Amino acid sequence: MQIQPSMYINRELSWLAFNSRVLDQCSKDLPLLEKLKFIAIYCTNLDEFYMIRVAGLKQLFIAGISTASNDEMTPLTQLKAIRNYLHEEKYVVEQYFTKITQDLEKENLFIRSYEELDEDLKQQCNDHFFSNIFPVIVPIAVDATHPFPHLNNLSFSLVVKLCDPMHPELLKFGMVRIPRVLPRFYQVSSNIYVPIESIVRHHTEHIFPGYKLLSSAAFRVTRNADMEIEEEEADDFMMILEQGLKLRRKGAFIRLQIEKGADEQLIEFLSSHMNIFHKDIYEYSILLNLPSLWQIISNKEFTHLLNPVYTPKILPPFGDNVSIFSAIDKQDILAIQPYESFEPVYQFIKEASKDPKVVSIRMTLYRVEKNSNIVQALIDAASDGKQVTVMVELKARFDEENNLHWAKSLENAGAHVVYGITGFKVHAKVAQVIRKEGDKLKIYNHLSTGNYNASSAKIYTDVSYFTSKEEYSQDTTTFFHILSGYSKSRRLKTLSMSPKQIKERILDMIATEASHGKDGVIIAKMNALVDGDVIKALYEASNKGVKIDLIVRGICCLRPGVKGYSENIKVRSIVGKYLEHARILYFKHTEPNYFISSADWMPRNLERRLELMTPIFDEHSRAKLAQILKLQLSDNDLAYELDSEGRYRKIALNEAEKINNSQQILEEYISRIFNTLKKDTDHSRAAHLATKLFRDS
């Protein structure tokens, strides 16, 4: 089957459409600070997109590479399309932010400039400036003897045009660098926040004494943060990575954000020194550095402007005074975060670290929080003499420094730390505990779609699978041997791993459904669908009559609903208060027919990373996955549907139609089950009843 370029949606534009769906949450009937959250998330996402994706396209363009992607867009045409998209969307961001801040004022929560304050509050700002701001800000002159300074990625500064009152014709240009140690806003009272640049601007003549301020503008820079490491040539990978992190701080400037109405001479001064394209300059009529809005969102006096806090539940067979290993020994257990608590995952490692019967702990770490209880448990286990092997992925983007810290701490405690296989990132999420029971060794496993990170587990939807079945244990053992030793074989028997094996298995299962024609069914939930071979296979299956439902939160390069290609394919995206992160697959004619995976359907996951795909044999666990997919396919509140033109549309409801919010329903389901079973002391019986209640809800 020949696939026309028009049947592929551009990857970068599809990502921008996803971020637009994040921004679109501001149009919904949400508490005001929840809307402010989505603006902060949107801006943070966009920062990373520019640092990596736009930076990469620019490098290709500068290198003279004009190779087109599957959709026949060259690096230059993609850059033009991205800029056009974002310059248009800038106005949408401004409108949402302005409306939200106006509505917050009705709730007695204000963002005020220095000039808008009364005299008492101005004096308080003055005192704060001289006590806390003036000692740490950095005034910078730029002239023949003062070169243009180094500006850190995402740094926030004030650019100024000055003159000596005695010689007003002699213009001076300079900057005030605002260190990150200073909060973005000064909370001058419990309900009033003053942007720091407003206070600094008012005191410019104290910063540059004897000079008159002619004009000023707040600005923010973005640098290329993509980092290439020649692993094959590295004798000490940790040292090479540390050097790479230092070099990344000096990446080329790729975006300038500046206040709207800024003096043209100031813009020219910055852009000429940064060597930045004019179309990569974004002028905003609202505040800059909006990822820092979390400072306001976290105000404890305005929690009524947030969603009610949901407390994740611990369901049977887990519970107080229940051994993790005893529970897993009796049955496989599938948990869904954040509806179910992440605590059993932590307890799995903590109990292993203290259990005298445990002889070995192995696990992978990709993204962990700065104060990780899980890593501390591993350190404790290693310090106590247990055999601890940890695969720390040092190349996890923007977590490199944190992972370096933990790798060194683990090594110092006596753990065996490995950094994976040359040329591949290790993205699989797996932990293994080996326990001496009688005269035999028993292996317990945890396989997951999400990171070992208690912080992200509160806001990311993921699936955890605990099992002690031998067929899984054999494969997890092989997987860890591959990571820590030499192995030319990278194939597993029950689990599938990438590179290669997961993709082969997926293509085989798609082909199996295609062979069943109209009786074939595929349901796949993931973060991104980019791989051209998989997309082609899905088109071919659709042409054979297979019913295909795809739940793709982010990038989707497949174009659904096109006659002769994809009329049997539907694509939807779920965007809500939790970030959909789980990968769940269903193939009707495969046994077993449910899978969870750490891998998205992207070339990088299927060909350039070590990932795991886990078949789910356990009936109760499959029932849980089936209900999750059913709920998400019936969601008409958080869901957007992708049409054949590549546009995402909200689902239109008639007046009689009931609103189905899959995330809210899952909260209610899990809470109902928890409340029904919390007094049942027979944890095994309660676990089976929990599955039945979930399935029948």
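Don't overthink the numbers, they just go from 1 along the chain as shown.
Heads up, the Cβ atoms here are built off N, Cα and C, so glycines get one too.
On a predicted model such as this, the values are computed, not experimentally measured, just so you know.
Lifted from Swiss-Prot, the feature list:
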BINDING   N45, Y460, R553, H581  ATP binding site
BINDING   R367, R397  Mg(2+) binding site
ACT_SITE  H427  active site, phosphohistidine intermediate
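Among the residues the record lists as binding ATP, namely N45, Y460, R553, H581, the two farthest apart have Cα atoms separated by 15 Å.
Here H427 (active site, phosphohistidine intermediate) is positioned 20 angstrom away from N45 (ATP binding site), judged by their C-alpha atoms.
Secondary structure at N45 (ATP binding site), taken from DSSP and collapsed to helix, strand or coil, is helix.
Residue pair H581 (ATP binding site) / the residue listed as 'active site, phosphohistidine intermediate' shows a Cα separation of 13 Å. Y460 (ATP binding site): 19 other CB atoms within 10 A of its CB, across all protein chains. Mapped onto three states, the DSSP output places Y460 (ATP binding site) in strand. Counting only residues at least six positions away in the same chain, the Cβ atoms of Y366, E393, S598, A599, N605, R609, L610, E611 sit under 8 Å from the Cβ of H427 (active site, phosphohistidine intermediate).
Highlighted in sequence order, N527, G554, L579, E580 have their Cβ within 8 Å of the centre of the Cβ atoms of N45, Y460, R553, H581, the residues recorded for ATP, and are not part of that set. In the shown protein chains, 21 other C-beta atoms lie within 10 A of the C-beta of H581 (ATP binding site).
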